[in-house]
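Novice: First, the structure itself, so that you have it in front of you.
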Amino acid sequence: MGKSSKDKRDAYYRLAKEEGWRARSAYKLLQLDEEFHLFNNVTRVVDLCAAPGSWSQVLSRVLIKGEKFGRAGWEEKQADVRRYVLGDKNSNATSTEKKTDEKAQETTQPKSRDDVRIVAIDLQPMSPLEGVTCLRADITHPSTIPLLLKALDPASDPSSTPTPTNSVDLVISDGAPDVTGLHDLDIYIQSQLLFAALNLALCVLKPGGKFVAKIFRGKDVDLLLAQLKIVFKRVRVAKPRSSRASSIEAFVVCEDFCPPAGFTASLEKPVGVSTMLNDIQSPIIPRTQPGRKVRDDGGVEIELGSEDEDEEDDENSQSDPEKRGIRWIAPFLACGDLSAYDSDATYHLPKDRVSLDPVQPPTAPPYKRALEMRKLAGGAYGKTKLQE
Ligand SMILES: C[S@@+](CC[C@H](N)C(=O)[O-])C[C@H]1O[C@@H](n2cnc3c(N)ncnc32)[C@H](O)[C@@H]1O
């Protein structure tokens, strides 16, 4: 697909380039924030699976630079126009007056803050961003937790064993595996990324903190949501307007982190499908769990039972979450202004429109080697050089 054809078919792809975002995903976070006010009273944030970095860009621009977007940005502009019409010199709407009055500028320009800490993690390298500490690491690997704790608290003693510190207001995760097209496999890998993200969140979130993560709405997503409900007071699922309706992607928005009494996040024993059900006393999930056997080699076998067996054999009905009463339907919200672009629609472009290059080309795409080989063989990046 050519650049301008993609511009036509994906309004958010085009808009992201025009507005300087590294990826169209920026609009998903902005639209989620519009609905849930995710950034209110937030100073410490962890952005998981962050590359190429559009969510971190949003964090940096909103939290550090104090910029406003979407409805909030529009309302601020309207208020400014009103102030200008009413003759207030401090209004942003007057460009010439404003320049001569530095004090006035101070009151109306977004205030940048230096008490904000943002840590971004991804498997891929990320180009630097103002005020963001970027780590290249695998969120499913236990060694990432100490790295994250160190990045959050650089003054901590490197020789001591890192322990969870509950100091973070918000953990966000847009993690997605390289989709195979095999739906069940993709959903499974996505849920593993979600558990890895949740495990990191449990180690760093402060009580009352928030956790936002991408989910794929597969068959057993309600079981997963019920598990999140154990540690968060409010769990909702949202679909931003910039996320295509045709995609099974959605975002779980968990608010008010309140781990049950006696629960402590453990770096050695990460939560997962079985440990979580086993170890946490939940008001909505009984203490039953799928059969779990630790083998001599340390591997863990989990018996999930098959659906057929569940129907036939009453005893096995314990392995069916629905029969055990642990299914829980999370409220579902569509978010983003209705007048915003429809991500599934194709829009006409003006004739004189120039197609822009992406703001941040991928730093280490999987096809990088192929491009390098092509260049060596006389072709150029993206185009084949004409023979003289
Ligand atoms: C959809 S992209 C994230 C886009 C990002 N939120 C943004 O706004 O630019 C998904 C990212 O998940 C990352 N990812 C997948 N598995 C991961 C893992 N195990 N650990 C860390 N990052 C991972 C990928 O490298 C990829 O960059």
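Cβ coordinates come from backbone N, Cα and C, glycine included.
All annotation found in TrEMBL is predicted automatically rather than curated by experts.
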Novice: According to TrEMBL, G53, W55, D138, D174 bind S-adenosyl-L-methionine; which one of D115, D122, D153 is listed for that same site?
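Specialist: Looking through D115, D122, D153, the residue TrEMBL assigns to the S-adenosyl-L-methionine site is D122.
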Novice: Max Cα-Cα distance in Å among G53, W55, D122, D138, D174, the residues listed as binding S-adenosyl-L-methionine?
Specialist: 18
Novice: Name, in the order they occur in the sequence, the residues of the same chain whose CB lies under 8 A from the CB of D138 (S-adenosyl-L-methionine binding site) and which sit 6 or more residues away.
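Specialist: The list for D138 (S-adenosyl-L-methionine binding site) reads L123, T144, given in order along the sequence.
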Novice: Restricting to the chain of D174 (S-adenosyl-L-methionine binding site) and a gap of 6 or more, list residues whose Cβ falls under 8 Å of its Cβ, or answer none.
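Specialist: Spatial neighbours, sequence-distant, of D174 (S-adenosyl-L-methionine binding site): S25, K28, L29, D47, L48, C49, A50, W55, A213, K214.
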Novice: Quick one: mean pLDDT on the domain 'Ribosomal RNA methyltransferase FtsJ' (21-257)?
Specialist: 87
Novice: Listed recorded positions: W55, D138, K214. Which have a CB under 6 angstroms from an atom of ligand 1?
Specialist: W55, D138
Novice: Can you count the other CB atoms that lie within 10 A of the CB of D122 (S-adenosyl-L-methionine binding site)?
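Specialist: Here the count is 23.
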